[in-house]
Amino acid sequence: MSIEGPADLLAAAVAAREHAYAPYSGYRVGAAVRGASGRVYAGVNVENASYPVGVCAEASALSAMVLGGDVSLVEIAVTAEGAALVTPCGACRQRIFEFGGRDARVWAADTQAYRRSFTAEELLPFGFGPHAMQPRDPR
């Protein structure tokens, strides 16, 4: 089953995925972020023989967004091929929450269509973000 979503984000994520560097797992992921400016930034996963130092596609796209001058995320599309629905890992859920807040839209897709959408809060309930570091109201 597919759902309607932003065609430009899906196209950017699918195109980016072709450039993913995944020689160990073969699991290529593409992501595309829409910043508050409306511009779209793409990213890919980059694996490393020392697995913990790889980079997720979502983190790559968010880095491109920041480099491009945007610091607020409106929505992000993530695409991969596999038996299961691709959703961001825990660390990337935190990154999305950081840059997009609770209402940031996360689009999960394969290379053909969107399969599901979530808010950042649905993926990371009770998320920790900049709001948590505000001083407590003394009243």
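Just so it is clear, glycine is given a Cβ too, placed from its N, Cα and C backbone atoms.
Residues annotated as active site, proton donor in TrEMBL: E58. For the recorded site, E58 (active site, proton donor), the DSSP three-state label reads helix. Just so you know, the Cβ of E58 (active site, proton donor) picks up 28 other Cβ atoms within 10 Å once every protein chain is counted.
As annotated by TrEMBL, substrate binding site applies to N45, V46, E47, N48, A49, S50, Y51. Following the DSSP three-state reduction, the secondary structure of E47 (substrate binding site) is coil.
With a cut-off of 8 Å between CB atoms and residues at least 6 apart in sequence, the same chain places C56, E58, A59 near C92 (Zn(2+) binding site), listed in sequence order. Under the three-state DSSP scheme, C92 (Zn(2+) binding site) falls in the helix class. Here TrEMBL flags C56, C89, C92 as Zn(2+) binding site.
According to TrEMBL, the domain 'CMP/dCMP-type deaminase' annotation covers 4-131. If you take every residue in the domain 'CMP/dCMP-type deaminase' (4-131) and average the pLDDT, you get 95.
Neighbour counts of Cβ atoms within 10 Å were compared for the binding-site residues N45, N48, S50, and the top value is held by N45. Distance between Cα atoms for Y51 (substrate binding site) and C89 (Zn(2+) binding site): 14 Å, as a whole number.
Cβ-based neighbour count (10 Å, all protein chains) for C89 (Zn(2+) binding site) stands at 12. C56 (Zn(2+) binding site) counts 20 other C-beta atoms within 10 Å of its own C-beta, drawing on all protein chains shown.
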